[in-house]
Amino acid sequence: MPADGHGGEPAPSGETGRGFRPASLDAVNFLLADVRGALGPYLNVFLVTQQHWSQSEVGLVTSLAGWLGLAVQTPIGAAIDATHRKREAIVLALVVLGAGALCIYLFPNFWPVLIANTLIAVVGDVFGPAVAALTLGLVPQRLLARRMGRNAAFDHAGNVAVAALAGLVGWLFSQQAVFLLVPVFAILSSLAVLSIPASAIDQRRARGVEAAAGGGSDGGVGDGETVSGMGILVHCRPLMIFGICALLFHFANAPLLPLVGQKLAAAHPEWATVMMSSCIIAAQLVMLPIAVLVGRTADRLGRKPILLVGFAILPLRAVLYTLSDNSAWLIGVQLLDGVGAGIFTVLTPLVIADLMRGTGRYNLAFGAVATMQGVGAATSGFVTGVIVDRFGYSAAFLTAGVMALIALAALFLGLPETAPSSPAEAEPGALPEPGLAE
């Protein structure tokens, strides 16, 4: 029994958690996408068009929230490693997120929005590593790739559903009414999370420590087990290389959709929102089958070959944007985002799980990689904005393409294959502890 008295006897490390129904985790991924998607893309538009905020005010609110969110990602990952109450951590984050959305709905003034949006950004860092940790604790290694693909598929389906629902609510009622969807989906998400039995979660496996002889099932340190701290992020060379690749990938990828949206808005100002929603929904619909396919093939083909395909599509996409300003062409090229980002979304938690197996620091590593992704995305927005102002859209697209090529080269030359070379290696105790200097 865990030291906090939470949960019962977990499932053996090679089995799915007792009492766990896959539909519960499906619902968690679907509904969490709804919670997050009902707020982010619509807040800036609401503040500018309905509340008549200046761009500098909106920029200050979003930038402060974004950078504070980045600052806490790694410690939040470490905290999720340390706690057995991962379900409760998600529920608490949902309560804060729902309250923040209500605050924005009721008091859409500068200071309430600044405080609420910052809190929302901070607690938003909980969901990714916590859901990944639940998945690790519920599903054995041999089934993990398929389960991660299924998680991503339901996440993309949730994004499509909330984009359509938010558009309908905004059309029937008001832009402000969209924020009321957040507490509703937060309640539904909490029920889905709590429907997963605590006793079904293997707490050791949930933080990347395989249950082996001599180790307790509560996540404590067993005989011969070494649980490293922050140093593993510096000394585990493959993890550092993957983090750098993630930073470069997001530096190149993050500004592309906003830039395309700006071009479409300039050409068709009356249809700007519809076209942006079309880009988002179309890419998410492509990501859905890609996620399932990657989940089914990642063990057989390996992680690296599939990642290389996803990374190779990004520079191609960036260059294709420069060939025409036709709206249909731009939206069509945007479909490629569903392939590249779809692959990356599924394989990121798998690669981290491969590299961190046996260390007990999965969520710490997840938070560190997420921080590097966020730094790349946040930095690229400023850089490409300056390039657009001085040299135009094509120069910004080509700059993103060059960074994508650098990311592809770094992945090809630096990252080893991380997948177990045989099914036996995927089972507990079959792998030696990763060398921290390698």
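Every residue, even glycine, has its Cβ placed from backbone N, Cα and C.
What TrEMBL says about this one:
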type	residues	note
TRANSMEM	89-108	transmembrane segment
TRANSMEM	114-140	transmembrane segment
TRANSMEM	152-173	transmembrane segment
TRANSMEM	179-198	transmembrane segment
DOMAIN	231-438	domain 'Major facilitator superfamily (MFS) profile'
TRANSMEM	239-259	transmembrane segment
TRANSMEM	271-294	transmembrane segment
TRANSMEM	306-323	transmembrane segment
TRANSMEM	329-352	transmembrane segment
TRANSMEM	364-387	transmembrane segment
TRANSMEM	393-415	transmembrane segment
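Counted over residue pairs 6 or more apart, the CB atoms of the transmembrane segment (89-108) and the transmembrane segment (179-198) come under 8 Å in at least three pairs, which marks the two as touching. Mean pLDDT for the domain 'Major facilitator superfamily (MFS) profile' (231-438) in the predicted structure: 84. Note on the transmembrane segment (393-415): residues 238, 241-242, 244-245, 248-249, 251-253, 255-256, 259, 262-263, 304, 307-308, 311-312, 314-315, 318-319, 321-322, 380, 383-384, 387 of its chain, located 6 or more positions outside it, place their CB under 8 angstroms from a CB of the stretch. Between the transmembrane segment (364-387) and the transmembrane segment (239-259) there are at least 3 Cβ pairs closer than 8 Å, counting only pairs 6 or more residues apart in sequence, which means the two stretches are in contact. Within its own chain, the transmembrane segment (179-198) has Cβ neighbours under 8 Å at 6-8, 17-21, 24-25, 27-28, 31-32, 34-35, 38-39, 42, 46, 87, 90-91, 94-95, 97-102, 104-105, 134, 138, 162, 165-166, 169, counting only residues six or more beyond its boundaries. Tertiary proximity for the transmembrane segment (152-173) is limited to same-chain residues at least six positions away from its ends with a CB under 8 Å from its CB atoms, namely 26-27, 29-34, 37-38, 41-42, 180-181, 185, 273, 277, 280-281, 284-285, 287-289, 291-292, 294-295, 342, 345-346.
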